[in-house]
Amino acid sequence: MDLYFVLSALFCFVISLIFTKFMIKKMVNYKYGYDLHKADKIKVTEMGGLSPVVVSSVAMLFFNPALSLSIFLPGFVGVIDDISRLNSKEKIVLTFLMGIPVAFLLKLNVLLSVLLILGIFVSSNLTNMLAGFNGLEIGMGILLCLFMAAVCLMNGDIFGFKVLILFSAAYFGLLYYNRYPAKVFPGDTGTLPIGAFLATIAVWRGFIPELFILMIPYMVDALLKQFTAGVTKKDSVFTPTQLKNGKLCVEGGYLSLPRMILMKKAMEEYKIVLVLWAIEAFFGILSILYTKYFGFNIF
(Lines of atoms letter the chains of each structure in order from A; the text may use other names.)
(Lines give C-alpha, C1' and ligand atoms only; values in the text may rest on other atoms or scores of the structure.)
Protein backbone atom coordinates (compact mmCIF):
# COMPACT_ATOMS: atom_id res chain seq x y z
CA MET A 1 0.00 0.00 0.00
CA ASP A 2 1.65 3.25 -1.11
CA LEU A 3 2.38 6.13 1.23
CA TYR A 4 0.46 8.58 -0.95
CA PHE A 5 -2.77 6.61 -0.49
CA VAL A 6 -2.30 6.32 3.29
CA LEU A 7 -1.68 10.07 3.55
CA SER A 8 -4.73 10.73 1.37
CA ALA A 9 -6.95 8.66 3.67
CA LEU A 10 -5.53 10.43 6.72
CA PHE A 11 -6.10 13.78 5.02
CA CYS A 12 -9.76 12.93 4.31
CA PHE A 13 -10.27 11.96 7.94
CA VAL A 14 -8.59 15.07 9.38
CA ILE A 15 -10.32 17.55 7.07
CA SER A 16 -13.70 15.93 7.73
CA LEU A 17 -12.99 16.05 11.47
CA ILE A 18 -12.10 19.75 11.33
CA PHE A 19 -15.04 20.64 9.09
CA THR A 20 -17.47 18.76 11.35
CA LYS A 21 -16.19 20.55 14.45
CA PHE A 22 -16.56 23.87 12.63
CA MET A 23 -20.16 23.04 11.71
CA ILE A 24 -21.01 22.05 15.28
CA LYS A 25 -19.92 25.47 16.52
CA LYS A 26 -21.36 27.58 13.72
CA MET A 27 -24.68 25.86 12.98
CA VAL A 28 -25.95 24.84 16.42
CA ASN A 29 -28.27 27.86 16.55
CA TYR A 30 -29.37 27.64 12.91
CA LYS A 31 -29.95 23.98 12.11
CA TYR A 32 -30.39 21.82 15.17
CA GLY A 33 -32.52 19.10 16.70
CA TYR A 34 -33.06 17.54 20.09
CA ASP A 35 -31.87 14.09 21.08
CA LEU A 36 -35.07 12.22 21.94
CA HIS A 37 -33.16 9.45 23.71
CA LYS A 38 -31.61 11.61 26.41
CA ALA A 39 -33.10 12.76 29.71
CA ASP A 40 -31.88 16.32 29.10
CA LYS A 41 -33.00 17.88 25.84
CA ILE A 42 -29.87 19.57 24.51
CA LYS A 43 -29.49 21.24 21.12
CA VAL A 44 -27.59 19.04 18.67
CA THR A 45 -26.34 20.37 15.33
CA GLU A 46 -27.92 18.72 12.30
CA MET A 47 -26.70 18.23 8.71
CA GLY A 48 -23.29 17.10 9.95
CA GLY A 49 -23.16 14.78 6.97
CA LEU A 50 -22.21 17.78 4.86
CA SER A 51 -18.60 17.39 6.04
CA PRO A 52 -17.84 13.87 4.72
CA VAL A 53 -19.96 14.51 1.63
CA VAL A 54 -17.88 17.54 0.62
CA VAL A 55 -14.57 15.88 1.50
CA SER A 56 -15.28 12.57 -0.23
CA SER A 57 -16.85 14.25 -3.28
CA VAL A 58 -13.68 16.27 -3.82
CA ALA A 59 -11.48 13.22 -3.21
CA MET A 60 -13.38 11.16 -5.80
CA LEU A 61 -12.70 13.78 -8.48
CA PHE A 62 -9.14 12.44 -8.58
CA PHE A 63 -10.48 8.97 -9.44
CA ASN A 64 -13.65 9.34 -11.50
CA PRO A 65 -16.13 12.26 -11.73
CA ALA A 66 -19.01 9.77 -11.73
CA LEU A 67 -18.05 8.63 -8.23
CA SER A 68 -17.99 12.23 -7.07
CA LEU A 69 -21.45 12.73 -8.54
CA SER A 70 -22.75 9.56 -6.82
CA ILE A 71 -21.92 11.26 -3.51
CA PHE A 72 -22.71 14.88 -4.32
CA LEU A 73 -26.21 14.36 -5.79
CA PRO A 74 -27.58 12.30 -2.86
CA GLY A 75 -25.94 14.78 -0.50
CA PHE A 76 -27.66 17.64 -2.33
CA VAL A 77 -31.03 15.88 -2.13
CA GLY A 78 -30.32 15.32 1.57
CA VAL A 79 -29.64 19.02 2.11
CA ILE A 80 -32.95 19.92 0.46
CA ASP A 81 -34.77 17.35 2.60
CA ASP A 82 -33.05 18.44 5.83
CA ILE A 83 -33.94 22.08 5.19
CA SER A 84 -37.39 21.92 3.60
CA ARG A 85 -38.63 18.41 4.49
CA LEU A 86 -39.52 16.78 1.18
CA ASN A 87 -42.68 14.72 1.13
CA SER A 88 -42.37 11.01 0.38
CA LYS A 89 -43.29 11.34 -3.31
CA GLU A 90 -40.77 14.13 -3.92
CA LYS A 91 -38.06 12.14 -2.19
CA ILE A 92 -38.83 9.01 -4.20
CA VAL A 93 -38.63 10.91 -7.49
CA LEU A 94 -35.39 12.71 -6.64
CA THR A 95 -33.59 9.63 -5.32
CA PHE A 96 -34.64 7.74 -8.44
CA LEU A 97 -33.42 10.44 -10.83
CA MET A 98 -30.02 10.96 -9.22
CA GLY A 99 -28.69 7.66 -10.58
CA ILE A 100 -29.22 8.63 -14.23
CA PRO A 101 -26.25 11.03 -14.65
CA VAL A 102 -24.00 8.62 -12.74
CA ALA A 103 -24.85 5.78 -15.13
CA PHE A 104 -24.32 8.11 -18.10
CA LEU A 105 -20.84 9.19 -16.93
CA LEU A 106 -19.79 5.60 -16.26
CA LYS A 107 -20.87 4.67 -19.83
CA LEU A 108 -22.53 1.46 -18.71
CA ASN A 109 -24.61 -0.76 -20.97
CA VAL A 110 -28.40 -0.62 -20.75
CA LEU A 111 -28.76 -3.49 -18.26
CA LEU A 112 -26.10 -2.18 -15.89
CA SER A 113 -27.46 1.36 -16.20
CA VAL A 114 -30.91 0.18 -15.10
CA LEU A 115 -29.38 -1.81 -12.24
CA LEU A 116 -27.33 1.20 -11.15
CA ILE A 117 -30.28 3.58 -11.18
CA LEU A 118 -32.41 1.11 -9.19
CA GLY A 119 -29.48 0.29 -6.91
CA ILE A 120 -28.81 3.91 -6.04
CA PHE A 121 -32.52 4.51 -5.47
CA VAL A 122 -33.01 1.50 -3.19
CA SER A 123 -29.70 1.54 -1.32
CA SER A 124 -29.70 5.28 -0.59
CA ASN A 125 -33.18 5.09 0.90
CA LEU A 126 -32.31 2.00 2.94
CA THR A 127 -29.21 3.59 4.52
CA ASN A 128 -31.33 6.64 5.25
CA MET A 129 -34.08 4.69 7.02
CA LEU A 130 -32.14 2.60 9.54
CA ALA A 131 -31.25 5.47 11.85
CA GLY A 132 -32.15 7.33 15.01
CA PHE A 133 -29.49 6.42 17.57
CA ASN A 134 -26.13 8.07 18.24
CA GLY A 135 -23.54 6.70 15.84
CA LEU A 136 -25.85 4.06 14.38
CA GLU A 137 -26.27 5.03 10.75
CA ILE A 138 -22.75 6.37 10.27
CA GLY A 139 -21.12 3.44 12.07
CA MET A 140 -23.11 0.92 10.05
CA GLY A 141 -22.34 2.84 6.88
CA ILE A 142 -18.63 2.68 7.60
CA LEU A 143 -18.90 -1.06 8.25
CA LEU A 144 -20.68 -1.48 4.91
CA CYS A 145 -17.84 0.34 3.15
CA LEU A 146 -15.05 -1.49 4.96
CA PHE A 147 -16.49 -4.92 4.20
CA MET A 148 -17.10 -3.95 0.58
CA ALA A 149 -13.50 -2.70 0.47
CA ALA A 150 -12.37 -6.11 1.75
CA VAL A 151 -14.43 -7.78 -0.98
CA CYS A 152 -12.76 -5.58 -3.60
CA LEU A 153 -9.30 -6.36 -2.23
CA MET A 154 -9.97 -10.10 -2.22
CA ASN A 155 -10.96 -9.87 -5.88
CA GLY A 156 -7.90 -7.84 -6.83
CA ASP A 157 -9.86 -4.63 -7.35
CA ILE A 158 -7.40 -2.13 -5.88
CA PHE A 159 -9.27 0.82 -7.37
CA GLY A 160 -12.51 -0.14 -5.61
CA PHE A 161 -10.62 -0.80 -2.39
CA LYS A 162 -8.97 2.63 -2.41
CA VAL A 163 -12.08 4.71 -3.12
CA LEU A 164 -14.06 2.86 -0.43
CA ILE A 165 -11.32 3.43 2.15
CA LEU A 166 -11.15 7.14 1.32
CA PHE A 167 -14.94 7.41 1.56
CA SER A 168 -14.84 5.61 4.93
CA ALA A 169 -12.05 7.87 6.19
CA ALA A 170 -14.17 10.96 5.52
CA TYR A 171 -17.10 9.41 7.40
CA PHE A 172 -14.88 8.46 10.33
CA GLY A 173 -14.38 12.20 10.82
CA LEU A 174 -18.14 12.56 11.30
CA LEU A 175 -18.47 9.44 13.45
CA TYR A 176 -16.02 10.90 15.98
CA TYR A 177 -18.58 13.58 16.85
CA ASN A 178 -21.70 11.54 16.06
CA ARG A 179 -20.85 8.67 18.40
CA TYR A 180 -22.57 8.44 21.79
CA PRO A 181 -23.24 11.03 23.19
CA ALA A 182 -23.67 12.73 19.84
CA LYS A 183 -22.61 16.32 19.30
CA VAL A 184 -23.92 16.31 15.74
CA PHE A 185 -26.52 14.45 13.68
CA PRO A 186 -25.73 13.43 10.08
CA GLY A 187 -29.15 14.23 8.64
CA ASP A 188 -30.30 12.88 5.30
CA THR A 189 -27.35 14.83 3.92
CA GLY A 190 -25.03 12.22 5.41
CA THR A 191 -27.05 9.03 5.12
CA LEU A 192 -28.32 9.08 1.52
CA PRO A 193 -24.82 9.17 -0.07
CA ILE A 194 -23.69 6.03 1.77
CA GLY A 195 -26.09 3.71 -0.02
CA ALA A 196 -25.75 5.55 -3.32
CA PHE A 197 -21.95 5.31 -3.33
CA LEU A 198 -21.98 1.64 -2.35
CA ALA A 199 -24.50 0.80 -5.07
CA THR A 200 -22.35 2.61 -7.62
CA ILE A 201 -19.26 0.61 -6.65
CA ALA A 202 -21.17 -2.68 -6.46
CA VAL A 203 -22.77 -2.38 -9.91
CA TRP A 204 -19.77 -0.83 -11.66
CA ARG A 205 -17.18 -3.22 -10.21
CA GLY A 206 -19.37 -6.33 -10.30
CA PHE A 207 -20.15 -7.02 -6.63
CA ILE A 208 -23.94 -6.92 -6.60
CA PRO A 209 -24.46 -10.20 -4.63
CA GLU A 210 -22.06 -9.00 -1.93
CA LEU A 211 -23.93 -5.71 -1.64
CA PHE A 212 -27.22 -7.59 -1.35
CA ILE A 213 -25.81 -9.61 1.57
CA LEU A 214 -24.48 -6.48 3.27
CA MET A 215 -27.85 -4.76 2.94
CA ILE A 216 -29.90 -7.56 4.54
CA PRO A 217 -30.21 -5.81 7.96
CA TYR A 218 -31.45 -2.69 6.17
CA MET A 219 -33.97 -4.69 4.16
CA VAL A 220 -35.27 -6.39 7.31
CA ASP A 221 -35.66 -2.97 8.92
CA ALA A 222 -37.54 -1.60 5.91
CA LEU A 223 -39.86 -4.62 5.70
CA LEU A 224 -40.71 -4.37 9.40
CA LYS A 225 -41.62 -0.71 8.95
CA GLN A 226 -43.61 -1.43 5.81
CA PHE A 227 -45.69 -4.21 7.34
CA THR A 228 -46.33 -2.44 10.66
CA ALA A 229 -46.75 1.17 9.57
CA GLY A 230 -45.90 1.73 5.92
CA VAL A 231 -42.46 3.11 5.10
CA THR A 232 -43.79 6.42 3.80
CA LYS A 233 -46.31 6.80 6.64
CA LYS A 234 -44.34 5.74 9.72
CA ASP A 235 -43.78 9.36 10.82
CA SER A 236 -47.53 9.87 11.11
CA VAL A 237 -47.83 6.89 13.46
CA PHE A 238 -44.64 7.72 15.33
CA THR A 239 -44.36 6.22 18.81
CA PRO A 240 -41.07 7.33 20.40
CA THR A 241 -38.70 4.92 22.04
CA GLN A 242 -38.99 5.49 25.77
CA LEU A 243 -36.17 6.13 28.21
CA LYS A 244 -36.65 4.43 31.59
CA ASN A 245 -33.92 4.26 34.22
CA GLY A 246 -31.30 5.10 31.63
CA LYS A 247 -32.43 2.32 29.27
CA LEU A 248 -34.36 2.50 26.02
CA CYS A 249 -37.50 0.41 25.70
CA VAL A 250 -40.39 0.03 23.28
CA GLU A 251 -44.00 -0.42 24.30
CA GLY A 252 -46.12 -0.70 21.18
CA GLY A 253 -46.09 1.31 17.98
CA TYR A 254 -44.56 0.41 14.63
CA LEU A 255 -41.65 -1.99 14.38
CA SER A 256 -38.15 -1.52 13.01
CA LEU A 257 -35.04 -3.63 13.50
CA PRO A 258 -33.79 -1.66 16.54
CA ARG A 259 -37.31 -1.30 17.99
CA MET A 260 -37.90 -5.05 17.66
CA ILE A 261 -34.70 -5.71 19.63
CA LEU A 262 -35.61 -3.13 22.28
CA MET A 263 -39.07 -4.63 22.58
CA LYS A 264 -37.42 -7.90 23.61
CA LYS A 265 -34.81 -6.34 25.90
CA ALA A 266 -34.38 -2.78 27.16
CA MET A 267 -30.82 -1.46 26.98
CA GLU A 268 -28.71 1.68 26.98
CA GLU A 269 -28.49 3.58 23.70
CA TYR A 270 -24.85 2.79 23.05
CA LYS A 271 -25.56 -0.92 23.59
CA ILE A 272 -28.34 -1.12 21.01
CA VAL A 273 -25.99 0.61 18.58
CA LEU A 274 -23.26 -1.95 19.30
CA VAL A 275 -25.77 -4.78 18.80
CA LEU A 276 -26.78 -3.40 15.41
CA TRP A 277 -23.13 -2.86 14.45
CA ALA A 278 -22.49 -6.49 15.38
CA ILE A 279 -25.41 -7.63 13.21
CA GLU A 280 -24.00 -5.69 10.27
CA ALA A 281 -20.52 -7.13 10.93
CA PHE A 282 -22.02 -10.63 10.82
CA PHE A 283 -23.46 -10.01 7.37
CA GLY A 284 -20.18 -8.38 6.39
CA ILE A 285 -18.40 -11.62 7.23
CA LEU A 286 -21.00 -13.52 5.20
CA SER A 287 -20.27 -11.28 2.21
CA ILE A 288 -16.56 -12.06 2.53
CA LEU A 289 -17.26 -15.79 2.77
CA TYR A 290 -19.48 -15.55 -0.29
CA THR A 291 -16.84 -13.79 -2.38
CA LYS A 292 -14.17 -16.25 -1.21
CA TYR A 293 -16.03 -19.48 -1.86
CA PHE A 294 -18.89 -18.70 -4.23
CA GLY A 295 -18.31 -15.27 -5.70
CA PHE A 296 -18.18 -14.67 -9.41
CA ASN A 297 -18.68 -11.62 -11.58
CA ILE A 298 -22.17 -11.94 -13.05
CA PHE A 299 -21.61 -9.13 -15.53
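Using N, Cα and C of the backbone, Cβ positions are placed for all residues, glycine too.
The transmembrane segment feature in TrEMBL is assigned to 5-24, 53-80, 92-121, 133-152, 159-177, 197-220, 270-290.
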Closest-packing stretch to the transmembrane segment (270-290), where packing means Cβ pairs under 8 Å, from 53-80, 92-121, 133-152, 159-177: 133-152
Any contact, the transmembrane segment (53-80) to the transmembrane segment (133-152), with at least 3 Cβ pairs under 8 A: no
